[in-house]
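A.B. asks: Have a look at this one.
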Amino acid sequence: METTGRNGNKRMHQRLGPSQAAAPDRANNKVCYHWRAGRCNRHPCPFLHSEIPTPQQQSASPDGSVAKRNLVWKNPSNAGAASGPPSKWGKGRGGGAVGRPPGKAPDRVCNYFLAGNCTYGEKCRFLHSWFVSDSFSLLTSLQGHQKAVSGIALPSGSDKLYSGSKDESVRVWDCQSGQCVGVINVGGEVGCMISEGPWIFIGVPNAVKAWNMQTATDLSLDGPIGQVYSLVVGNELLFAGTQDGRILAWKFIAVGNCFEPAASLVGHQLSVVSLVVGAVRLYSGSMDHMIRVWDLATLQCIQTLTDHTSVVMSVLCWDQFLLSCSLDKTIKGVLSLFGMLDAQAKPILLCSCNDNSVRLYDLPSFNERGKIFSKEEVRAMQVGPGGLFFTGDATGEVKVWNWLPNEMPHS
C-alpha cells in the first residue's frame with residue numbers, strides 16, 4: 001500500500017496476489033490457508049491462490065484434460081450490451097429457469113436434498129431443486145465464505161463479482177471460470193456492500209471502505225461508530241447507516257480523488273439497518289421501529305413513519321410507493337426486499353423470508369413468479385445488468401441467477 005493523498009487516499013498494488021503467469025509449481029494441489037484469510041505475503045507462495053474447481057465447475061475433454069469453459073456469467077455493462085427501457089429500479093433488464101417437476105409436492109423442497117443427504121433420490125416426493133419457476137434459472141453457485149454473506153457487488157465495467165461476509169473477508173470471483181481469484185481481509189465483519197459505477201463501498205466496524213476498481217484507489221472513510229449496516233448513493237452523496245443511529249454523508253471530491261464529510265443526520269435512537277433513495281427523498285429504516293424520511297436537498301427529516309412495532313429490516317421504493325418489511329411480520333417473515341426488471345421489463349419484487357426462501361412477485365399485482373430455496377436465510381440480494389441477480393445466504397454461499405429471455409408473457 002502506498003499513501004498518495006489525504007483523507008486516507010491510497011493506491012492498491014497486487015491486492016489479489018501474484019499473477020497466474022508467475023505461479024510456482026503447485027503439484028501439492030493445496031490451497032493456501034493464509035490466502036483464504038486474505039493475508040498471505042509470500043511471493044511466490046508454494047500453495048494455490050485460487051479455489052480448486054468443483055466437478056460442476058469443470059468439463060472434462062475426451063483426453064481427461066479440463067476443457068476451457070465459456071463465461072459462467074457476463075456483466076453486460078462491460079461488453080457494451082444494449083440497455084433496455086428505463087427502469088424504476090435504476091437497474092438493467094432481464095434474462096434464466098425450470099418449472100415444478102411432475103409428481104412432486106407443490107413448492108415443498110426436500111430438506112435432506114438441501115443438506116445434501118437425501119437417500120430417496122428421484123423417488124423422493126419432495127422437490128430436489130433450488131428453485132421453482134419458468135422465468136429464471138440458476139447459473140452457478142460460488143462457495144468459499146465461512147460465514148454469512150452480507151453484501152454483493154458487480155462494479156460497472158468489471159468482469160469480477162465481489163462478495164462480502166461476516167467472516168471479515170471480501171472475495172473476488174472471476175466470470176470466466178466462476179472461481180475465486182482473490183480474498184481480501186478487511187479487518188472486521190462486512191455489514192453491507194454496494195457498488196456505484198466503478199466504486200465498491202464496504203461497511204465495516206467504525207469505517208466505510210471505498211475501492212475504485214478502475215484506478216485501484218483504496219480509501220477508508222472514518223466517522224462511523226460501531227458497525228455500518230447500510231449504504232446508499234443519492235444526490236451525489238454517499239450515505240451510511242451506523243450502529244449508533246446516525247446517518248453519515250460524504251461527498252466525492254474529484255480534484256483530490258477523495259471523499260469529504262458532508263453531513264451527519266441525527267434522529268434515530270437505534271441502529272440504522274436499511275437505506276433507500278427515491279426521487280428527492282432518503283428513507284431510513286431502524287431498529288427503533290421507525291422509518292424516517294429525509295429531504296435530499298436540505299438533509300432534514302421531514303416525516304417519521306411509526307406503523308411498525310419491531311425492527312424495520314428493509315425499505316424499498318417502487319413507482320410512487322414505499323415498501324417496508326419488519327420483524328413485526330406485517331409482511332410475514334420477510335427479512336429483506338429487492339427489486340429488478342424481468343426479461344419483459346416488468347417490475348419484480350424479491351422478498352427474502354425467514355423460512356430460508358426468496359419469493360418473487362409481479363408488481364403491482366403481487367402474483368407469485370417463482371421461489372428460490374436456500375440452506376439458510378438469504379442475507380444479501382443484488383441485481384445486476386442484463387437480467388443477472390445474486391443471492392447470498394447465511395452459510396456463506398453465493399448463487400448467480402439469470403432471467404430467461406424467451407419466457408412466456410405474463411398477464
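Cβ coordinates are placed from backbone N, Cα and C, and glycine is handled just like the others.
The model shown is predicted, which means the values in this text are computed figures rather than measured ones.
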A.B. asks: Which is it, of 104-131, 188-215, 328-355, that TrEMBL names as zinc finger?
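C.D. replies: Spelled out, TrEMBL records zinc finger over residues 104-131, not the other listed ranges.
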A.B. asks: Looking at the domain 'C3H1-type' (104-131) alone, can you tell me the average pLDDT?
C.D. replies: 85
A.B. asks: When secondary structure is assigned with DSSP, how many helix, strand and coil residues does the domain 'C3H1-type' (104-131) contain?
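C.D. replies: Taking the domain 'C3H1-type' (104-131) as a whole: 8 helix, 3 strand, 17 coil.
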